[in-house]
Amino acid sequence: MLPMPGNATGRTDVLTMTSWSVPVVWEGTFNPVLLNSLYQGTSLTIAATVFAQGKYIRFLKRFLETMEQHFFTGFNVHVFVYTDQPNEVPQVKMASGRQLTVKTVPTLNRWQDISASRLFLVQALIDDELLDYADFIFCLDVDSEFHGHWGTESLGDLVGVLHPGYYKAHRSALPYERRPISKAYMAPEEGDFYYCGGAFGGNLQEVQRLCRTCIINFWDDRTKGIEAVWQEESHINRYMWINKPSKILSPEYLWQDFAAREPEIHIIRFSGVAKNYAEIRPNV
Ligand code: UDP
Ligand code: MN
């Protein structure tokens with residue numbers, strides 16, 4: 001029997017609601033059985049994008065295998081893999097209702113460009129293939145693995161994930177773009193949270209709008225000869241300051257393997273694997 005909502009204990013050690021009345025999802029704040037039951041009998045379809053270019057192809061197998069175990073199990077999931085090495089995409093057995101499409105893209109020689117090109121390709125994918133097909137989309141870094149449940153509690157119109165490195169930091173310490181000439185500029189008095197570029201999502205229209213806006217701003221910066229400090233992540237952070245997310249996911253949804261476990265992290269759902277940047281990236 002489900003407990004009554006009024007009897008839920010919730011969490012008192014972490015922020016579970018923003019000042020604009022949006023939930024911050026932590027373990028202990030939701031009931032997955034109840035949430036899943038709301039989607040029973042619907043054809044809920046989740047799209048996910050992941051980019052595996054150059055040496056990052058090595059992360060794809062574990063990413064896909066663990067995704068199969070933890071990400072929206074029991075629902076329709078369509079993963080789009082963008083790579084410059086389509087023949088190296090591993091075969092991972094997927095449950096019924098789940099599928100994978102490989103998209104071949106040209107090799108890029110700067111990691112900054114690879115990372116930022118995702119926004120352009122994601123908005124094109126939404127435009128060309130997803131609008132009438134999927135309900136929600138998540139855009140995820142490939143250098144990461146799933147370790148725990150990631151499901152319907154994460155759904156919202158525009159979904160941001162709190163960056164594991166900064167969720168306890170004061171606004172003044174957040175690594176936003178600080179040069180006023182950039183379209184990603186954040187003034188000292190601006191900023192709610194620092195969100196991850198490695199995991200975000202929402203409904204198709206909202207993610208399309210985010211990608212389009214950030215790409216325009218990214219290119220605008222480039223014509224001025226500048227690149228925001230954390231590339232598209234900086235632009236996403238500017239965007240989410242102006243366009244507040246309607247759901248926020250705790251750092252359980254993108255932890256970092258190298259980081260010490262904090263007491264408020266009761267479960268790690270998805271986490272970036274430790275990597276040697278100098279060895280794996282095409283440029284420094
Ligand atoms: N990426 C890639 N090949 C590269 C560099 C980046 O495929 O050579 C993609 C990959 O999906 C990666 C994402 O861009 O997860 C973001 O880059 P990275 O993970 O290096 O950024 P970080 O998480 O370290 O900030
Ligand atoms: Mn990453």
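Quick reminder: no glycine exception, Cβ is built from N, Cα and C everywhere.
In the record from TrEMBL, residues Asp141, Val142, Asp143 bind UDP-N-acetyl-alpha-D-galactosamine; the candidate from Tyr56, Tyr82, Tyr239 listed for the same site is Tyr56. DSSP assigns Tyr56 (UDP-N-acetyl-alpha-D-galactosamine binding site) to a helix in the three-state reduction. Put plainly, the recorded positions Asp141, Asp143, Glu233 were compared by Cβ crowding within 10 Å, and the winner is Glu233. Taking the mean position of the Cβ atoms of Tyr56, Asp141, Val142, Asp143 as the UDP-N-acetyl-alpha-D-galactosamine site, the remaining same-chain residues with a Cβ inside 8 Å of that point are Val50, Phe51, Ala52, Phe59, Leu60, Phe63, Ser144, Gly198.
With a cut-off of 6 Å between Cβ and the nearest atom of ligand 2, the binding-site residues Tyr56, Val142, Asp143 reduce to Asp143. Rounded to the nearest whole angstrom, the C-alpha distance between Asp143 (UDP-N-acetyl-alpha-D-galactosamine binding site) and Glu233 (active site, nucleophile) is 16.
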